[in-house]
Amino acid sequence: MATVKISLSLASLSPSSSSSSIQSKLSPSFIPNAAPAKAVKLRFNGKSLRAKPMVYRSSRSVGVTCSASSSLTTLPSALLFDCDGVLVDTEKDGHRISFNDTFKERDLNVTWDVDLYGELLKIGGGKERMTAYFNKVGWPEKAPKDEAERKEFIAGLHKQKTELFMVLIEKKLLPLRPGVAKLVDQALTNGVKVAVCSTSNEKAVSAIVSCLLGPERAEKIKIFAGDVVPKKKPDPAIYNLAAETLGVDPSKCVVVEDSAIGLAAAKAAGMTCIVTKSGYTADEDFENADAVFDCIGDPPEERFDLAFCGSLLRKQFVS
């Protein structure tokens, strides 16, 4: 069965657009595992709009019409983003470089090349990643022998690496991925709770959210990151914590992830999950995802928006 990708674009609408003429094109190339969905009520520039997503398993172009309406429907209760690879494609030229600079400054004679780091990303968490690597290839001569002291050694490396990484973020050398700010704005405007759930250090995640999304958005976004839970992805602990803290039903949450381990965590938490592939995860297995795209996208190259997220929940409830 052929599949196509759809995108519901509200960003190009203007306040002067008439309710009968508001229309946007869909950009076909991949379709998620979704069924035709009911209209979704959104607010745009003071107007109540009704987006009617039409999902087809075909390679032909399709369209969607948005019209002013008072019809009520259900949007996600919460929109949960992973950080690295979703908000920003940080891994290859961000975290990897910062790890290597840390190793160099500590004179450890360790370098993670692009391919090796891609393999290490299958392990959730930077401290866990370093520990697994050293356990496999051998610990540096400068590392302590005692297990407890090794944990402190790894924690020190990770703290130094985080500080180097934050410099990259604060200098805005790593941009937001296309469509992230748009989707966050749509959620916040329509009363959908927004959170970032990441295995990365909390300071690094907060820096990304504050510096790249801006302080006004950041103060409305809840962050769950680092060691806030004892187990990292693919364990669902961080998504379970997010749902509990936000006071939302996991089945009414939509997660945006970029990796197979992130997808596994979201699904284990009972949540709907959209995957936006990143540089390191393009070839991973996303068979269990509710939708898969190359990115969120900004108009006119938009892939999906908040209305589409709602359509996936509707499909879940009627299936």
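Even glycines carry a Cβ here, placed using N, Cα and C.
Because the structure is a prediction, the values reported are computed rather than measured.
Copied from Swiss-Prot, the annotated features are:
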type: ACT_SITE; residues: D82; note: active site, nucleophile
type: ACT_SITE; residues: D84; note: active site, proton donor
type: BINDING; residues: D82, D84, D258; note: Mg(2+) binding site
type: BINDING; residues: D82, E91, 125-129, 158-161, 198-204; note: substrate binding site
type: TRANSIT; residues: 1-65; note: transit peptide
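Feature annotations (Swiss-Prot) mapped to structure.
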residue : record                    : contacts (Cβ under 8 Å, 6+ apart)
D82     : active site, nucleophile  : V196, C197, S198, V255, V256, E257, D258, S259, G262
D84     : active site, proton donor : T90, E91, G94, H95, S198, S200, D258
G126    : substrate binding site    : H95, F99, H158, K161, T162, T199, S200, N201
R129    : substrate binding site    : L120, L121, I123
Q160    : substrate binding site    : T102, E105, R106
E202    : substrate binding site    : I223, A225, G226, V228
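Using the Cβ center of D82, D84, D258 for Mg(2+), the list of other same-chain residues with Cβ within 8 Å runs, in sequence order, F81, C83, G85, V86, L87, S198, E257, S259, G262, S278. Annotation note: D82 (active site, nucleophile) sits in a coil segment as assigned by DSSP. In the three-state DSSP classification, Q160 (substrate binding site) falls within a helix. Following the DSSP three-state reduction, the secondary structure of T199 (substrate binding site) is coil.
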